[in-house]
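Shown next, in structure tokens, is the structure this report addresses.
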Amino acid sequence: MKTQWGEVWTHLLLLLLGFLHVSWAQSSCTGPPGIPGIPGVPGVPGSDGQPGTPGIKGEKGLPGLAGDLGEFGEKGDPGIPGTPGKVGPKGPVGPKGTPGPSGPRGPKGDSGDYGATQKVAFSALRTINSPLRPNQVIRFEKVITNANENYEPRNGKFTCKVPGLYYFTYHASSRGNLCVNLVRGRDRDSMQKVVTFCDYAQNTFQVTTGGVVLKLEQEEVVHLQATDKNSLLGIEGANSIFTGFLLFPDMDA
């Protein structure tokens with residue numbers, strides 16, 4: 001760096017001497033042109049010039065790279081309905097619906113077999129030898145005959161299905177005082193005593209019997225009922241039996 005500055009000062013000194021020589025020569029006489037001096041040091045760069053006029057539009061560049069995925073736009077309007085698809089498989093069976101309204105009354109049926117429908121009769125034994133409470137239904141649980149199944153051995157009650165005149169009878173073995181009621185009605189609250197049969201004896205076997213004819217309506221119930229005198233037996237050799245049968249059906253029913 002010092003060498004470069006030394007050369008610069010040398011050149012400046014020579015230029016100065018040349019200038020003085022020329023000035024002196026001109027002042028004395030005009031001589032021939034001197035030798036061109038050494039080029040000066042480059043000056044400081046000038047300020048930027050004014051913007052030039054816009055250039056001609058260049059050709060279209062290559063497509064840029066794909067940008068990032070943008071956010072979802074707003075929901076569009078419904079499209080045009082498509083064509084119907086194929087019929088799908090059959091679904092499972094749905095729940096059972098509510099019962100519909102009753103249909104119209106059907107036509108009158110053919111006449112039935114009078115003989116078959118009017119045969120009503122039953123006989124049943126009591127084989128249970130257990131004490132009875134007052135007002136308890138006396139159950140004759142072993143069926144001998146039960147035409148048309150109007151007698152129910154599980155509760156000892158006869159239910160009328162064919163209105164008409166019926167005959168009911170019982171034969172009861174006992175050892176002591178015995179009174180039984182024969183009752184009728186449609187339900188527990190409407191049961192009424194029709195007749196009471198009694199027999200009195202002490203420490204001896206006896207058989208008590210009784211019977212009655214009743215006009216029954218459909219769904220009326222008939223059964224025997226115990227009282228406070230209830231020495232009824234139901235053992236082998238001392239049976240008790242309850243019987244009933246239809247005498248004449250009610251033709252107007």
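Heads up, the Cβ atoms here are built off N, Cα and C, so glycines get one too.
Listed in Swiss-Prot for this protein:
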{"type": "BINDING", "residues": "ASP199, TYR200, GLN206", "note": "Ca(2+) binding site"}
{"type": "COMPBIAS", "residues": "78-96", "note": "compositional bias 'Low complexity'"}
{"type": "DOMAIN", "residues": "115-253", "note": "domain 'C1q'"}
{"type": "MOD_RES", "residues": "GLN26", "note": "pyrrolidone carboxylic acid"}
{"type": "MOD_RES", "residues": "PRO36", "note": "4-hydroxyproline"}
{"type": "MOD_RES", "residues": "PRO39", "note": "4-hydroxyproline"}
{"type": "MOD_RES", "residues": "PRO51", "note": "4-hydroxyproline"}
{"type": "MOD_RES", "residues": "PRO54", "note": "4-hydroxyproline"}
{"type": "MOD_RES", "residues": "LYS60", "note": "5-hydroxylysine"}
{"type": "MOD_RES", "residues": "PRO63", "note": "4-hydroxyproline"}
{"type": "MOD_RES", "residues": "LYS75", "note": "5-hydroxylysine"}
{"type": "MOD_RES", "residues": "PRO81", "note": "4-hydroxyproline"}
{"type": "MOD_RES", "residues": "PRO84", "note": "4-hydroxyproline"}
{"type": "MOD_RES", "residues": "LYS90", "note": "5-hydroxylysine"}
{"type": "MOD_RES", "residues": "LYS96", "note": "5-hydroxylysine"}
{"type": "SIGNAL", "residues": "1-25", "note": "signal peptide"}
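Sequence features, as recorded in Swiss-Prot, placed on the structure.
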residue: PRO36; record: 4-hydroxyproline; CB count, 10 Å: 6
residue: PRO39; record: 4-hydroxyproline; CB count, 10 Å: 7
residue: PRO51; record: 4-hydroxyproline; CB count, 10 Å: 6
residue: PRO54; record: 4-hydroxyproline; CB count, 10 Å: 6
residue: LYS60; record: 5-hydroxylysine; CB count, 10 Å: 6
residue: PRO63; record: 4-hydroxyproline; CB count, 10 Å: 6
residue: LYS75; record: 5-hydroxylysine; CB count, 10 Å: 6
residue: LYS90; record: 5-hydroxylysine; CB count, 10 Å: 6
residue: LYS96; record: 5-hydroxylysine; CB count, 10 Å: 6
residue: ASP199; record: Ca(2+) binding site; CB count, 10 Å: 18
Mean pLDDT across the domain 'C1q' (115-253) comes out at 91
As a whole number of Å, the Cα atom of LYS96 (5-hydroxylysine) is distant from the Cα atom of LYS75 (5-hydroxylysine) by 42
Neighbour count check, CB within 10 A, over recorded positions PRO84, GLN206; minimum at PRO84
What's the CA to CA span in angstrom from PRO39 (4-hydroxyproline) over to ASP199 (Ca(2+) binding site)? 172
Starting from the Ca(2+) site formed by ASP199, TYR200, GLN206, give every other residue of that chain whose CB sits within 8 Å of the mean position of their CB atoms, in sequence order. SER174, GLY176, ASN177, LEU178, CYS198, ALA201, THR208
A correct count of other C-beta atoms within 10 Å of the C-beta of PRO81 (4-hydroxyproline) gives 6
In sequence order, which residues at least six apart in the same chain have a CB under 8 Å from the CB of TYR200 (Ca(2+) binding site)? ASN177, LYS229
Which of the three DSSP states, helix, strand or coil, fits PRO54 (4-hydroxyproline)? coil
One of the modified residues PRO54, PRO63, PRO81, PRO84, LYS90 has its Cα closest to the Cα of GLN206 (Ca(2+) binding site), namely LYS90
